[in-house]
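If you look up TrEMBL, you'll see 37-283 marked as domain 'G-protein coupled receptors family 1 profile'. The annotation transmembrane segment is assigned in TrEMBL to 19-43, 55-75, 87-116, 136-154, 201-221, 233-254, 266-285.
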Amino acid sequence: NKSNVTEFILRGLTQDKTVAKVCFSLFLVFYATTILGNLLVIVTIKTSEELNSPMYFFLSYLSFVDISYSTVTAPKLIYDLLVEKKIISFVGCITQLFAGHFFGCTEIFLLTVMAYDRYIAICKPLHYTNIVNRRVCGWLVAASWVGAFVHSAVQTLLAIQLPFCGPNEIDHYFCDVHPLLKLACTDAYIIGVSVAANSGVISLSCFVVLVVSYAAISVSLRTRSSEGRLKALYTCTSHITVVVLFFGPCVFIYMRPSTTFSADKMVSVFYTIITPMLNPLIYTLRNEEVKNAMKRLW
């Protein structure tokens, strides 16, 4: 079979015009907050001499990825809430799929790298500056980008080879692998398993690294004083919160066979719109160094 579909129609979040107008205002505020909040974090870290540790180096890249990741879906979602027919070209759909997986996977890798950074800082403080130096930080960030590119390229190649003969209506507000698999006019079981395996290996391996890092940290804290234990836990709490908020929905969506549920769209809103907005608030409200640096910046 050959594809004869040149564009897709997105069903969006809701068909109710009143609800759509409320969502438009809400998501417009969310997106603006995401951009401004993450830009503020980046500018604060780049201009502050005190925030020069590897943790803040990774945090600045995480904020950049949050801006990019949210921009992949939010502007199109906001625009579509006001139009009757939500159309996206075939090329635009594949581009959105690639970019979404690229920035989403980069965020997963960065969160994993940040967990490793916290493990070294807390469990091996005397060797921290030698192990996690600027050169190593650069390589870890570069590896995150390259790993995400490979993952995204595989997902895109699996989707682009599918034949689409019609219908061309996607029951989602953006282009993703599982909704596209439903539209393919061929048996997509093998491709669906490959997609799940690709996402599953990355999610599972990163999850193992996260669990091992924080297990080692919890064991190490047993020998610390109560003051030292509280300080270490305080620095880790923000990161753990972000990991749970981002990993939870991603695992629900991608670590399963190629099936779709009615809750998928709302879960997707959480990790594509809500989490990138909350990340700057989580990291700044619980971090005195960042708050003080922002005060000096203003």
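Sequential numbering from 1, following the chain as shown.
Every residue, even glycine, has its Cβ placed from backbone N, Cα and C.
Keep in mind that what you see is a predicted model, and the values were worked out from it rather than measured.
At the 8 Å Cβ cutoff, the transmembrane segment (266-285) and the transmembrane segment (19-43) share at least 3 close pairs (sequence separation 6 or more) and count as touching. Non-local neighbours of the transmembrane segment (19-43) in the same chain are 12-13, 59-60, 63-64, 66-67, 70, 74-75, 77-78, 81-82, 273-274, 276-277, 279-281, 283-284, 290, 294, 297; each lies 6+ residues outside the stretch with a CB under 8 Å from one of its CB atoms. In summary, the transmembrane segment (55-75) lies against the transmembrane segment (136-154): three or more C-beta pairs, each 6 or more positions apart in sequence, are under 8 Å. Counted as Cβ pairs under 8 Å, contacts with the transmembrane segment (201-221) are highest for 87-116 among 87-116, 136-154, 233-254.
Remote same-chain partners of the transmembrane segment (87-116), defined as residues 6 or more beyond its termini with a Cβ less than 8 Å from a stretch Cβ, comprise 3, 5-10, 55, 58-59, 61-62, 65-66, 68-69, 72-73, 76, 140-141, 143-145, 147-149, 151-153, 155-156, 159-160, 164, 170, 174-177, 180, 202-203, 206, 209-210, 213-214, 239, 242-243, 246-247, 250, 271-272.
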